[in-house]
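Each remark here refers to the structure printed beneath this line.
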Amino acid sequence: MMKFLASFLVLAVVAQQAYGDFKCSLEVPEIPKNWIDMKDACIAGVRHQIQEEINASYQYLAMGAYFARDTVNRGGFAEHFFKSAKEEREHGSKLVEYLSMRGQLTDNVSNLITVPTVPKQEWKDGASALEDALELEIKVTRSIRKLIQTCEGKPYNHYHLVDYLTGVYLEEQLHGQRELAGKLTTLKKMMSTHGELGEFLFDKNL
Ligand SMILES: *[C@@H]1O[C@H](CO)[C@@H](O)[C@H](O)[C@H]1NC(C)=O
Ligand SMILES: *[C@@H]1O[C@H](CO)[C@@H](O)[C@H](O)[C@H]1NC(C)=O
Ligand SMILES: [Fe+2]
């Protein structure tokens with residue numbers, strides 16, 4: 001172990017002497033820039049959407065963490081919301097990659113994304129969390145529609161982005177909303193006839 005550490009240190013020192021502060025100190029070369037042609041309002045819209053997805057991811061993380069408490073112990077809900085949190089984060093990073101693909105990723109990430117404060121951290125039961133989740137998805141869906149409107153029309157005509165948003169993002173949103181609505185209906189039916197036991201069984205089945 002010590003030997004390994006020592007050789008790592010030696011390597012690090014050699015590398016630092018060879019390459020400076022591990023930074024790319026070469027100048028950015030001059031190349032044609034006209035391929036970078038996204039328009040400001042559309043870029044701003046994408047950046048806004050990235051934050052929207054990250055906010056949703058944090059909200060879901062808070063939901064997952066709440067239901068994962070040993071004092072709440074609803075493993076099905078916890079797993080469901082942790083999975084949603086992961087999906088939202090992926091939606092955010094896919095859009096970061098999209099900006100990169102269009103040559104529009106110019107800021108460091110802390111200028112692009114701020115860590116959100118999650119307004120709600122506790123839920124009275126599973127149904128109210130699913131209701132919040134559905135509201136959250138409605139908000140995200142509206143935001144995607146608005147982004148599509150911003151980017152589709154003249155003078156932007158960002159067909160490729162709009163196609164991606166419609167075919168991938170909206171597709172997932174609409175199915176996701178339907179799934180949440182269905183789950184909420186089932187849960188409420190089970191709870192209206194069996195109360196807590198209904199929620200317990202629903203959680204087992206999630
Ligand atoms: C982020 O980018 C700015 C320039 O846009 C730079 O001054 C700053 O050092 C970078 N790093 C951090 C951690 O903010
Ligand atoms: C994200 O959440 C923060 C609160 O932490 C809020 O100020 C911001 O407006 C939200 N952004 C979006 C795009 O929803
Ligand atoms: Fe999303």
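Including glycine, each Cβ sits where the backbone N, Cα and C put it.
Sequence annotations record features per position, and here TrEMBL assigns signal peptide to 1-20. The domain 'Ferritin-like diiron' annotation in TrEMBL covers 36-191. The Fe cation binding site feature in TrEMBL is assigned to GLU53, GLU88, HIS91, GLU137, GLN173.
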- Item | Additional residues around Fe cation, ordered along the sequence, whose Cβ is within 8 Å of the centroid of GLU53, GLU88, HIS91, GLU137, GLN173 | GLU52, ALA56, GLU87, VAL140, TYR169, GLU172, GLY176
- Query: Using DSSP, would you call GLU137 (Fe cation binding site) helix, strand or coil?
  - Reply: helix
- Could you say whether, by DSSP, GLU53 (Fe cation binding site) belongs to a helix, a strand or a coil region? helix
